[in-house]
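Here is the structure we will look at, set down as structure tokens.
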Amino acid sequence: MKSLLIVGTLSLFAGVIAQDGEEADQQLTRGDRHLKIIPRTIHKRTNTDGSTTYDLLVITDMDNDAKVEKEQWKWRAVTRKGTLTLQANKKDVTIDWIKDSDQNLTSGLNYKGRAMEMSDLSEYNGHLLSPDDKTGMLYEIKGKQAIPWVFLNSGPGNTTKGMKVEWLTTYGNLLYAGGHGSEYRNTKGEVTSEDPMWIKTITRRGQVRSVNWKDVFSRMRTKAGYPEPGYLTHEAVQYSEKQGMWYFLPRKASKTAYEEAADETKGTNLLIKAPSDLSSFEVVYIGGTKDVKHPDRGYSAFDFVPDSADTLIVAIKSKEVTGSPPESYITVFDTDGQVLLPDQKLEDGYKFEGIYFV
């Protein structure tokens, strides 16, 4: 019975998937491309000193450690609540985490014994969503539950493997989901797959379209100074409706082909901006210098600080180095690269890879 239920669920998801092309465009035009979505809700409090406090939520991607001990078919992600307080001058920032706010979200849905490796958080049409980058399942986070909503498969939409989703953002009335934006290569440096260069657009009803962004990612890395076989890997991407701009915080940057050990210290301080049509790219160096102070830390998610006209960014950095436990840091800077809050470590040894104002 369990197998029948799983097959039936996947068939339902497959029924709303459309591949890139004219037919998909027509379906979206007839469907809800132009339907309004529910506006985002953010909780905030104005303090007596003129500062404003906003509620934050972060979520983990614990890789193999997501498996729940002593439970055969259960995996977990952890959410943590916090607050960001912005002074009236919009230059001084403090971040605090709420003690004992950690909460487990569990699921039995897995891919080869891996699951609940949540890579981002985003509100879309009134629902808080988070993607599992191992199974390709996009979950709705509702209280203490992670509810499967849409399955995203890799590449052009005709594959059987789940998409390694690393980022979510809303552009227009559609939800965008993307991955690293770089090719997979073998040890000889030969391209074995371009699936990560495809993104997905998702409507409020769960209709999925696969879109080839190879040209976008290729032009971007060349502009930044990392042409093929070099690479940028993306886990932190947002579109700002207020600015009419795309913002990319690459996690890794390399002038040479991917090599696993070397990649651990390829963290960047790049902020890449692009107009809504992605026709050009501007590179900003966070901290005002090309030198990267902590190359073992890379950006894994970010959100715009509310009431800043999307000119202030709060970002999560992840550190994953062989032989050491994972670490997560939070930082705040503006879109010109000026740092307001240097890297501040999150405690308890969790690897957080999603952050959102709620």
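Keep in mind that glycine also has a Cβ here, set from the backbone N, Cα and C atoms.
Now, the feature entries from TrEMBL:
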type: BINDING; residues: Ser119, Asp120, Glu166, Glu235, Ser300, Glu353; note: Ca(2+) binding site
type: SIGNAL; residues: 1-18; note: signal peptide
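Sequence features, as recorded in TrEMBL, placed on the structure.
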{"residue": "Ser119", "record": "Ca(2+) binding site", "DSSP (3 states)": "coil"}
{"residue": "Glu166", "record": "Ca(2+) binding site", "DSSP (3 states)": "coil"}
{"residue": "Glu235", "record": "Ca(2+) binding site", "DSSP (3 states)": "strand"}
{"residue": "Ser300", "record": "Ca(2+) binding site", "DSSP (3 states)": "strand"}
{"residue": "Glu353", "record": "Ca(2+) binding site", "DSSP (3 states)": "strand"}
Study note, to complete from the structure: Near Ca(2+): residues not in Ser119, Asp120, Glu166, Glu235, Ser300, Glu353 with Cβ within 8 Å of the site Cβ centroid are Asp61, Asp133, Trp167, Ala236, Arg251, Ala301, Gly354
Review point. Since the record lists Asp120, Glu166, Glu235, Glu353 as binding-site residues, which of them has the fewest other Cβ atoms within 10 Å of its Cβ?
Key: Glu166
